2 protein chains.
Amino acid sequence: MLAKFKKHIKRKFPELVGKPFLLACSGGVDSIVLAHLCHHTELDFAIGHCNFQLRGEESDIDEIFVKDLAFELSKSFFSTRFETMDYIAKNKVSVQLAARELRYQWFAEVMQENHIEILMTAHQADDNLETFMINLSRGTGIDGLTGIPEKTDTVARPLLPFTRSQILEYAKVENLAWREDNSNSDTKYLRNKIRHEIVPKLKELHPTFLENFKNTQQYITGTSKLAVLYIDQIRKTVFQREDGIIRISVASVLKLEPLDAHLFALFKGYGFTEWNDVKSLLTAMSGKEVRSKTHRMVKDRDFLLLAEIKEENTKDYYISNDVGEIHTPIHLRISQVLHVKETSKNVLYVAKETLKYPLTLRKWQKGDYFYPLGMKGKKKVSKFFKDEKMDSISKEKQWLLCSGDAIVWVVGKRADERFKVVDNTCEIVKFELNT
Amino acid sequence: MLAKFKKHIKRKFPELVGKPFLLACSGGVDSIVLAHLCHHTELDFAIGHCNFQLRGEESDIDEIFVKDLAFELSKSFFSTRFETMDYIAKNKVSVQLAARELRYQWFAEVMQENHIEILMTAHQADDNLETFMINLSRGTGIDGLTGIPEKTDTVARPLLPFTRSQILEYAKVENLAWREDNSNSDTKYLRNKIRHEIVPKLKELHPTFLENFKNTQQYITGTSKLAVLYIDQIRKTVFQREDGIIRISVASVLKLEPLDAHLFALFKGYGFTEWNDVKSLLTAMSGKEVRSKTHRMVKDRDFLLLAEIKEENTKDYYISNDVGEIHTPIHLRISQVLHVKETSKNVLYVAKETLKYPLTLRKWQKGDYFYPLGMKGKKKVSKFFKDEKMDSISKEKQWLLCSGDAIVWVVGKRADERFKVVDNTCEIVKFELNT
């Protein structure tokens, strides 16, 4: 196996020869064999180990075990301990995801500090098959089936062409010691079941099963990449981005055939999972909304509006001074001026004597009305929004400048008649919105 | 199950209600249950059975069994017997493929004769999973993983949402009899192994494994369809079709990223399987060629030429008469005329007295030369082809009109000086190529 490994490094990873990298080593048979193979290939590497502290003393013994190996091979050793359970509790993620996030973040730091560009991991051929079967059983999208790549800009996985049995064989012949992880998380349980009960049966199906599977997975990965290129094109023509909101013409989406596949590919990146709801949205009434954990999509007449979910700021803010600048919740410059000069949607001049301090900045409420400048009589704010063709997300973002109960300014949109500067106005206050 | 089936028909196959269809029935449990379900749903159908005569008396008993069922349910019955082994020997296909081709062709005939538009087959949920696993083990492309569709324009498969165990349960409860196929072809062996050893383990992985698998397969199918839309666009910009040859600019292909996935998607439809050879062709010398069973692709300077493999006609053809018309191997009109009139590449005038009958039409051979009209001296035909920038496929298609050993006309391209009409020519023969 060493000869084959050396050849593989030379052919597929020439950039690793003579250049230091960081080898991620858990202490398991895969990463122990990988360390020995790299050592005998005379590659220049440091060893990194993460102690997730999930298995008490066992975790600590793993750490010492890997440290000893680094010493034996005369390699630099980096290690860290994570409060993984705390991280899980805080971020509400699975053990698996927590470990991955913590690990890759820490490796990145070590690499940066030590001017190392490449991380090497010990994934092998059976890992890909096992992950494939796990994701098949869970019903994830195609991304769960495409397999881990052999190399990216920062990660190298030179064990991927080798099978678990080849690795075990090498460890035995070379008389290597390694650590077994006897924990039994959900994923581990699945993986073990697949490894011991299903994969051996699969391998009996065809003499070159693993090789065939690898080809199939490459086809899936390739097809998936072409579909991404396709959907990127579609997104360019169908998505209009403005002010953090993506506007999507319903008519242009309805033209896409097959619709389900397009919807899934267009919107899976925004965390949606209820595809029937997403589909119904296309023909729903205005105002209807679908939410994922991170995004919301609102039907607004002929459009879908897609935006990140942000806790909308519904607090009231007070402005007690008529000169100065505020930055929260919006950026307003307030000054006293002698004349009305420039006029724009973002500038408001009001007669100071009409204002009752403190002024308030608040969001729209049902029943709000004002006296739009230049119009006779009052108008409901909701009616104003409608006439302005404002979508529901924009309405929620709209601030109102108020004096007592009265609306002075639908900020950036329309002033109120009652506060306007007239001939006998003594003092003029200028509000300038910085967008 | 009957209630669920009725609901499913009503929702997903409303076109089947009150309209006759043909139900394909092998006599196995799936199609027997399907026939009973359709009967109790009061659908209007005929029963079709194919006897492939692969299992001697067993096959004949199956046929009688299905015929009896049709009688019992008062349905029209159509059956046929195939000499399947002869078909396999003649067409060099697998048993599986032979059975499929024979079956679907015959069903189509029965349907046309009886004005039936839809064929119903008894595929169920486990079939899709089993086929998926078989193709996974064989390493087919993504097309082998996408699953059989629930409906097309002419085929309905209303059992697809039901599992094998649901179907067996219904057969037991209803006390139905069916026929077991105890043959053990390669595919059957694989399918049985998957059915009995692997699928039960897979179902243990997750309580809703089959449902999850169905979703995954839908994602794969969707992604695959998007990739097809994408590659169709690429093909439109990269493939130039002319005269049965597709010209493909090498530079434009080399721009496609990732290259492997693009090559596979662009060319798999032409039967290629040796992808490394296809890839090498891009940088190979002119004249290098890769063949599939049906197609050849030739590197020709900055292009790839893709063409169907046709047995090139290398026979010699004789023309003994100077007036008339021939259609083989090319369409030539030959007449005697008084004057040289229109000139075009496809028309040749020669002095009759220079010709030795019979004339010959033949392909180019190494060493051939001629005296191009208007030039002094002779020229090798190979040199002429090169100067004309003819690609290797066009060269193979090129006919030469000869008189004895001498070339009279590189047909449609260039005449020979020695046979031209001169001032004292008595009789003029006109050859007209119809392309």
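Backbone N, Cα and C atoms are what each Cβ position is placed from, and that goes for glycine too.
Source: prediction; values computed, not measured.
Per TrEMBL, the features are:
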BINDING   B:SER26, B:GLY27, B:GLY28, B:VAL29, B:ASP30, B:SER31  ATP binding site
DOMAIN    B:359-431  domain 'Lysidine-tRNA(Ile) synthetase C-terminal'
By Cβ count within 10 Å, point out the most packed of the binding-site residues listed: B:GLY27, B:GLY28.
B:GLY27
According to DSSP, does B:GLY28 (ATP binding site) sit in a helix, a strand, or coil?
coil
What are the other residues, in sequence order, whose C-beta lies within 8 angstroms of the center of the C-beta atoms of B:SER26, B:GLY27, B:GLY28, B:VAL29, B:ASP30, B:SER31 at the ATP site?
B:CYS25, B:ILE32, B:VAL33, B:LEU34, B:ALA122, B:TRP178, B:ARG179
At 10 angstroms around each C-beta, which of the binding-site residues B:SER26, B:SER31 has the fewest other C-beta atoms nearby?
B:SER26
List every residue in the same chain as B:ASP30 (ATP binding site), at least 6 positions away in sequence, whose Cβ is under 8 Å from its Cβ.
B:ALA122, B:HIS123, B:GLN124, B:LEU159, B:ARG164, B:ILE167
By a simple count, how many Cβ atoms lie within 10 Å of the Cβ of B:VAL29 (ATP binding site), its own Cβ left out?
21
Across the domain 'Lysidine-tRNA(Ile) synthetase C-terminal' (B:359-431), what is the average pLDDT of the model, as a whole number?
91
